[in-house]
Amino acid sequence: MLVTMKEILDHANTENYGVAAPNFFCEVDARAALEAAEDLNAPIILDISYKNSMDIIFTGSYVLRLAEQAKVPVALNLDHGQNLTHAVTAIRAGFTSMMIDRSMLDFEENVRQVKKLVEIAHSVDMSVEAELGHVGKGERYQSKDCGKLTDPEDAKRFVEQTGVDCLAVSIGTAHGSYQGEPRIDFERLSRIKERVAVPLVIHGASGTGRDKLAEACRLGINKVNINNDLLQAAYEEIIAHDMSGNGAYGLWKHLKNGYKQRLMEYIQLFGGAGKAWQSNQHGLIRKEISLVE
Ligand SMILES: [Zn+2]
């Protein structure tokens, strides 16, 4: 069933667990993500970024149908939207939420731009995620200018002034694979959680480590964005099989299995398994990929 991200994250915030938010690219990984959620009876948030989508309106047209058919709560979220064009495109694509990432701007300008788009999104019942502080890239993790940690007092003011439904915080994670060992500031997370009532989000979960992610969810992270680790798992599954000759017909199946299995591990780790609430939907229509013969 298709729901707003707010509905999913408010539930997670009340019950203190994390919802997996895998990035997807096409029908194959979207189906893998929905199946993983259904198999574990977990709510899920499908994230797709504007810049990584080939055609976000077209993608929305089919993922929306899959989400409506799913027997667990599903939200479709535009990841790292940046401006009015992205926001309106997400609305046209039928998404139920959008991230407006203006975290590279100073506080006042971030507030000003996000607040304006929150008003538009809320007028069509879409949830909004924004980011304060800045989550950098893992490949630059060792450099001093990789990201900026979230100030707890600023986080409180930002949520009050913008009216966002959830907040992405910077506590030491980074996008993509890390150069060096990730250092997560749990004390900072606790201080943010004490001050901010809306659900909290982390980006850049891949490579952070199972124990650290579990601890982050225990301390109040409610949405965990994950991408690279799922792609790595898909790749590992593909190369574990003989892809020569007709073996190549198994490409999409192996990709889907690898992605799905790793995502299931993460859903369980974040505490989302068994947390889906009642729906009378009939479940995702499954079709095994079989192109051989
Ligand atoms: Zn991100």
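Cβ atoms here come from the backbone N, Cα and C positions, even for glycine.
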Considering the Zn(2+) 1 binding residues HIS175, HIS203 given in TrEMBL, which of HIS80, HIS86 is annotated for that site as well?
-> HIS80
Could you state the CA-to-CA distance between GLU131 (Zn(2+) 2 binding site) and HIS80 (Zn(2+) 1 binding site) to the nearest Å?
-> 9
Where HIS175 (Zn(2+) 1 binding site) and ASP79 (active site, proton donor) are concerned, what is their Cα separation in Å, rounded?
-> 13
Find, among the binding-site residues listed as HIS80, HIS175, HIS203, the one whose Cβ has the highest number of other Cβ atoms within 10 Å in the structure shown.
-> HIS203
Filtered by Cβ under 8 Å and at least 6 apart in sequence, the residues in the chain of ASP79 (active site, proton donor) near it are ASN23, ASP47, ILE48, SER49, TYR50, MET99, ASN225
Between ASP101 (Zn(2+) 2 binding site) and HIS203 (Zn(2+) 1 binding site), how far is it from one CA atom to the other, in Å?
-> 12
From the centroid of the CB atoms of HIS80, HIS175, HIS203, the recorded Zn(2+) 1 site, which same-chain residues not already listed sit within 8 A by their CB, in sequence order?
-> SER49, ASP79, ASP101, VAL135, ALA168, GLY204, ASN225
